[in-house]
Structure formats: structure tokens, C-alpha cells
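Peer 1: My questions all concern the structure below.
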């Protein structure tokens, strides 16, 4: 593993770095998006980050910067097809951007921003929250976008028209995390009411309306046990669903007096597994998007069986430490301590499962690059994800991406 921290990868330039609240990687792995307290969404070239020590590398580093919110931007998420980018902020709005194929106009007069390489105009501005938007999630087929916020609401938007389809008010306090089931049957939300709620849904079609949503997006389970005495001070409760669909990892759980990450089993919505290794509340967890196997090449046995896979999860939070775990090992694989001066705010994996980006509230943006086999196994082909999800009666292929 080696860590990359280019000095240009910052919100604020020569001035004080602003708190960075969120990061996400585009589906093609070529762009990293970050958002911060300076009110900017910034898109970076991942290739430039990886080549930051290469003195002869001369391609653009920052691809675009957008400032359409009037406050701190808490969350940024690319859509599964990469056509859209959504951001949510404390001005109560969700902005949806799309890449304009025409070259961008020059930067604003009087601004010290570099001229943008890409042009990402606002495609839609979504009005549906009465307080800060804390987190966003896209369904894996891109048919819906969900926003959650400090108004305790979960708002469902169409991934086609961005019409508001439903407002869900099952939580009794701030909602600070959302994650989607990769098999496209459920999503889960995490709240300061010390519960995670699991909702069942059916992907909406193109001409689907809010009228059709009345009996869709229904509460399936409420999970409270791991959070009964959890602290209420967490800025985020970013949860994550494993790529094989089997588990939800929940931040801000406790095991007795100790901070923990709860691993919740699909279907029963219970589970005995907790990851313990942090001294402060864990506020963000992120499963790597790939499954990992024992060999660099997946070989089926004579019966056609593929070796058992493992999943990998990264956790970070208020103790400024990162921990990375494999489901094949009861101990963490890596625990780099004090990676930042303040709380870790978000984690984002590249699609190949070999690079992890981390943001923190001191303005830090870090890149962890892993060698093959270093994460307790080798990343399996992405087709293995689909194979592992077929047992849930899903076929994501034929659903028709809205993009």
C-alpha cells in the first residue's frame, strides 16, 4: 500500500483548506469528485492524482469546479452510468449536473480558479427538504435517486425526470446515511433516532409518476439493537451494502461501551458480527465494489464451482483513524492511525477495488493505492458480482438503464 497526497488536491488553494465533506469516484474510474465547506463541487483527474510524483506529467489536474449551492456541500455522488452527478447541501437543495460535451467557457472574471477542462452545468435543482441534505444514493440501475436530511425525511426522486416520487417520514430524527442493495430490491437509511430502516422497492419505469409510488418504497424492517446506546454526536452515519448483496455495514454502532461497525445480514436483518477497532464513533463505512478471491485468476473446479469470495470494507470516523477489514479475517488488515487532524468524512473506492480515497474535516484528501493481493485476496472480475446476486432473483442486465 502506498499513500498519495498531492499538495494541489485541496479546496482552498493557497489559502486555508476548507473542511472536505464528501468524495466519490465516477463509474469509469477517471474522475474523483469532492465537496467542501467552501460551497464548491470539484472534479479531479484520478490519472493526475496517480501521477502526482511524475514530474513530466502535464495533463490537467482539476477538471471542473461548480458553485451552485449557497452553503456547505455534504454529499456528492455520481450516477451508476456516469451521466449525472448529484450534490446535497445545507441550503436544503439537491443539484443534479450533467457533462456538457461542448468545451467549457472560461472561468469567472475575477476568480482565481483555473479555467475548467469540463463543463458540468446544473441539469435539475431538486426542492424537497426543509433542512440540510446530509447524504445521497442512486439505485444500482439508476432509476431513482434518494436524498436524506436533517428534516428526518427520505425523499425519492425519479432517475429519469427527477420528479419527486415520494417523501418518506418513518424516521423520528435526522437521517444521515443511505445505501442501496446491489440486487436492486432494497435500500437502507441510517438516522439519529438510533435505527437503520430497510425499505423494499420496485424500480420505476420511465413514465412512472408520484401517483404510482403510493404503494412502492415500503418499510420492510427497523434495526435498532446495535445502536441502542450509540452516541448522537456523529456528523454522518454513512452506511454501505456489500457488493454480493449479503450484508449492510452500519456506522456508529456500539458493542457494550466500545464504538463498533455492525454487519447486518440480509433478510433476517440481524447479525452477530461487529468490527471493533476504533476509539471514537465510526461515521462512514464503505465496502469495496469488488469481490476478492484467493487467486489472481478465478478458476472453477471440476464441478464448475468458483472458490468462496470475501468482501473488503473500509471504516473511518471521529478518531481520525482508517481501518480496512476483510470478511475472511477477524482482525483488521490495515489500521493507519491519525491519517487526518479531524474526523474522516467520507470514503470512496475506485471501481476496480484497488484504490481508496478518503476525505476529512481538516481539508485532507488522501489516496491509498493497494497492490494486487494486499486486501486479503485478489479482485475478481466484475461478472462475479452479478453471479453472486442472481440468488436474489435479480437480473440487473435487462432493466434498461435510464442513461
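Even glycines carry a Cβ here, placed using N, Cα and C.
Bear in mind that TrEMBL entries carry predicted annotations, made automatically and left uncurated.
Features from TrEMBL:
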- 13-47: repeat 'WD' (REPEAT)
- 29-375: domain 'CAF1B/HIR1 beta-propeller' (DOMAIN)
- 66-107: repeat 'WD' (REPEAT)
- 126-167: repeat 'WD' (REPEAT)
- 168-209: repeat 'WD' (REPEAT)
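Help me picture these features in the structure, burial and contacts included.
Peer 2: This prediction places the mean pLDDT of the repeat 'WD' (13-47) at 92.
Here the repeat 'WD' (66-107) has long-range neighbours at 19, 21-28, 31, 33-37, 39-43, 113-142, 145, 147, 149, 157, 159, 162, 236, 346, 401-403, meaning same-chain residues at least 6 beyond its ends whose C-beta is under 8 angstroms from one of its own.
When Cβ-Cβ distances below 8 Å are used as the criterion, the repeat 'WD' (126-167) is approached by residues 74-81, 84, 86-90, 92-96, 173-184, 187, 189, 191, 193, 199, 201, 203-206, 208-210, 212-214, 216-217, 236, 238, 396, 399-403 of the same chain, each at least six residues removed from its ends.
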